Amino acid sequence: MSIQVEHPAGGYKKLFETVEELSSPLTAHVTGRIPLWLTGSLLRCGPGLFEVGSEPFYHLFDGQALLHKFDFKEGHVTYHRRFIRTDAYVRAMTEKRIVITEFGTCAFPDPCKNIFSRFFSYFRGVEVTDNALVNVYPVGEDYYACTETNFITKINPETLETIKQVDLCNYVSVNGATAHPHIENDGTVYNIGNCFGKNFSIAYNIVKIPPLQADKEDPISKSEIVVQFPCSDRFKPSYVHSFGLTPNYIVFVETPVKINLFKFLSSWSLWGANYMDCFESNETMGVWLHIADKKRKKYLNNKYRTSPFNLFHHINTYEDNGFLIVDLCCWKGFEFVYNYLYLANLRENWEEVKKNARKAPQPEVRRYVLPLNIDKADTGKNLITLPNTTATAILCSEETIWLEPEVLFSGPRQAFEFPQINYQKYCGKPYTYAYGLGLNHFVPDRLCKLNVKTKETWVWQEPDSYPSEPIFVSHPDALEEDDGVVLSVVVSPGAGQKPAYLLILNAKDLSEVARAEVEINIPVTFHGLFKKS
C-alpha cells in the first residue's frame, strides 16, 4: 500500500456535514468514458443529518439516514438522494428535537412536558431506533434499508421513497439483525441476530428468508430460524456486524465486545442511556469461532479459540479440502473500536485525529484456517495440512483448537476495511481479489485492491479526496475474476475540485476509467449495492 498521506487541511470534515435532500435527480458531469455495459443504479446509505435544531448527534452512527442513488444509462449519470422517512426521522422533524435514542446519542423527554409526564415517560420501555443508515439489500423483488436493530425499512429503489417499516420480531425470534446479510444467487437471504434461548439465556439465531415463490407472497413472512449458536456469556451477547457463509457451512465469530443487557434494559429505561453506554469488553475471553452445518441445520461443537480482536467485516469464507478458510478485517485487542468514532474525534484537526487513532486498536487483515475433521490423537499438533498458508490450528489438551492467523495485510494505523469481492461469483468459494477502503487514522483516503494469495496490493489515491466503500461490478462477459469496474463515491473539498463525484476504476489495476462530478457535497456513506437494470 502507498505511503502515509497527511491531511493538514482537514478536508475530511466535509464527510460529517448536514446536507439537504434533492427534489429531483441532478445530471452529473462525466469525464472519461463510462462503459456502455454499465447500466443500473448504485444505491448507498449513510447519515445526512447530524443535528436536529440545536441538538447534535454525537456518534458516527447516529445521523439520520440518507439514501443515495447514482443512475447509469448509455454513458450518462444522474445523482439523487432522499432522507428515509423512518419513525426516528419523521418524529424528529415533527418535534424539532431528537426523539429516539441513537447509537451514541440519548433522547430525552420533551422539555415542554411537566415533570410528572417527563418522569413517567422514562418507564415506557426501550424504544428501539429504526434509523436505517447502514446498508440496503434485496429481499425477493423488494429493497430494504437497515441499521442493526429489529427494524428494516422498505424503500422504492427508483424514486427513493420510503414505503414502510418492517419489524423482524413479528416473524422470527431475534432482538436485531446485522446490516450484512448474505444473499445467495437464487435470492435466499441469510442473517444472524441474538435472541433469548433456553432458560432465558442469550443465543444467536441464523435467519433464513426464502426467495420469492410463485405465490408472490412477501418472502419475509416465510422467514425461519435454521440453526442456533450458543453464547459464551449467558446474559451478554457479543456485538455482531457480519458472518461467513459457504455452500455447506455458516461461520460466526464471537468477539470480546459485549452488550450488557442488564445495563441496556435498566439504565436506558430508568435514567437514560444510549447503545454505546451498554457495551463492555471481556478482557479474558479472547475470540470464539463457531461453525454450523448449513444443510443439516446443525451446530458443530468444535471449540475454536484465538486471541482477542474486534471484527466488523468478513471478507470471504470458503471450503478447502476439509478446512474452512476465513478471511477477516480485524482490529487487534478487546477494546471497542467504536469508542474512537465519536464525531468530536473525527472532526478534530489532523494532528489530533492522528493522536486519537494511535490509542485505538490497530487494524490487520487476517486469514484463519479452521480444520473440520478433528482427531483427538493429534493433541498438541498443528492440524493444518494445506500448503501455501502460515496459519496454524493447534489441538490443545482440553479439546480446544487454538488458531493463529496468516496476516494478509498489516499497516500501522492503515486499515483495509469495508471489503468487497466479486460477490455473485465468488462468495463462499476460493477467490483471489478483495477490494477495500483504506483508512488512514480512521480517515478514508484511498481505495485498495488486495491479492489474498500473493499479498500484492494496488492503490488509487488523490490529494484531498475521501472515497467510500468500493463496489465491484462485473463485466457481463467477464472471463476472469477481476474483469469489471469498481465504483466509489468521493468527497473532494480541495481547491479547484467539484465537491463530490462518482469514481469508476478499472478493477484490474485501479486505473481511472471515468468520473461523474456533482456540484454539491455528499456526506459519508457506509454500505450499498449496485442494482443492475
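Easy rule for this one: first residue shown is 1, then count along the chain.
Cβ coordinates are placed from backbone N, Cα and C, and glycine is handled just like the others.
It should be emphasised that the depicted structure is a prediction, and the values quoted were computed from it without experimental measurement.
Copied over from Swiss-Prot:
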type: BINDING; residues: H180, H241, H313, H527; note: Fe cation binding site
type: LIPID; residues: C112; note: S-palmitoyl cysteine
type: LIPID; residues: C231; note: S-palmitoyl cysteine
type: LIPID; residues: C329; note: S-palmitoyl cysteine
type: LIPID; residues: C330; note: S-palmitoyl cysteine
type: MOD_RES; residues: S2; note: N-acetylserine
type: MOD_RES; residues: T101; note: phosphothreonine
type: MOD_RES; residues: T105; note: phosphothreonine
type: MOD_RES; residues: K113; note: N6-acetyllysine
type: MOD_RES; residues: S117; note: phosphoserine
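Feature annotations (Swiss-Prot) mapped to structure.
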residue: T101; record: phosphothreonine; DSSP class: coil
residue: H180; record: Fe cation binding site; DSSP class: coil
residue: C231; record: S-palmitoyl cysteine; DSSP class: coil
residue: H241; record: Fe cation binding site; DSSP class: coil
residue: H313; record: Fe cation binding site; DSSP class: strand
residue: C329; record: S-palmitoyl cysteine; DSSP class: strand
residue: H527; record: Fe cation binding site; DSSP class: strand
Near-site residues: Fe cation, ref H180, H241, H313, H527, CB cutoff 8 A to centroid: V134, N135, T178, A179, S242, F312, H314, F418
Fewest-neighbour residue among recorded sites, criterion Cβ within 10 Å, set C231, C329: C231
Candidate nearest T101 (phosphothreonine) in space, where candidates are the binding-site residues H180, H241, H313, H527 and distance is Cα-Cα: H241
Around the Cβ of H527 (Fe cation binding site), the count of other Cβ atoms that are within 10 Å: 22
H313 (Fe cation binding site), number of other Cβ atoms within 10 Å: 19
Pairwise CA distance, C329 (S-palmitoyl cysteine) versus H313 (Fe cation binding site), rounded so that it is a whole Å: 6
Set of same-chain residues at least 6 away whose C-beta sits under 8 angstroms from H241 (Fe cation binding site): E148, T178, A179, H180, L311, F312, H313
Number of Cβ atoms other than its own within 10 Å, given for H180 (Fe cation binding site): 20
Using Cα positions only, nearest of the recorded positions to C330 (S-palmitoyl cysteine) (T105, C231, H527): H527
